[in-house]
Amino acid sequence: MFIGIVSLFPEMFRAITDYGVTGRAVKKGLLNIQSWSPRDFTHDRHRTVDDRPYGGGPGMLMMVQPLRDAIHAAKAAAGEGAKVIYLSPQGRKLDQAGVSELATNQKLILVCGRYEGVDERVIQTEIDEEWSIGDYVLSGGELPAMTLIDSVARFIPGVLGHEASAIEDSFADGLLDCPHYTRPEVLEGMEVPPVLLSGNHAEIRRWRLKQSLGRTWLRRPELLENLALTEEQARLLAEFKTEHAQQQHKHDGMA
């Protein structure tokens, strides 16, 4: 997969290219990340990339020419079929369904804004889609771009150590992940659930699904509103709710 980065701070992406899952993907040749800085496409001795906005107001905007030329250079390197994405608070909010959708593209170019943003005409002429990672303000598009890269890279075959990992991630099926445990078996009086030690794979699968449904109901109930639960899922969720109510009643009685 090819991902081009257009950013005033390309060195920030070493966190992606040099470390962790994405770093290994780059080393294996599964992920090709290249970057272009608009400063390299300026024509003045100060390497100016920003200017005042028409109509006044605070802050500066990224200028058209250096940014557009950097995008064109990234497009030329990517070849035909590259999708150009601008990381923006006005964009579609990134979720697991969106990540899965973006992962079907073999070529992405991510444009990272700075200052107060970019000239609207760049968005109109060069950008295919705008994406946001949430309803809050950041200093630039680099961190959202890294978030997008990390999440999308997990779908590239061979990137994860276990092919089921991406399938079983939180949100992969619209639910939060279940609790996980490793050694020791007992930690300060807290025991690993016995079912996980049983070796009964059918019961383990059932327990994990129940916990996933229950955790989603407790922490992100709005996610369940968009799901058509299977008969098994509905039954397991009902069991979880009953067990949770019993635990709450027991806890209240001890308080």
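Cβ coordinates come from backbone N, Cα and C, glycine included.
Swiss-Prot names I133, G134, D135, Y136, V137, L138 for binding S-adenosyl-L-methionine. Of G113, G161, the residue it gives for the same site is G113.
Annotation for V137 (S-adenosyl-L-methionine binding site): same-chain Cβ neighbours under 8 Å, separated by at least 6 residues, are P89.
When the neighbouring Cβ atoms lying within 10 Å are counted for each of the binding-site residues (I133, L138), the highest count belongs to I133.
Counting Cβ atoms from all protein chains shown, G113 (S-adenosyl-L-methionine binding site) has 25 others lying within 10 Å of its own Cβ.
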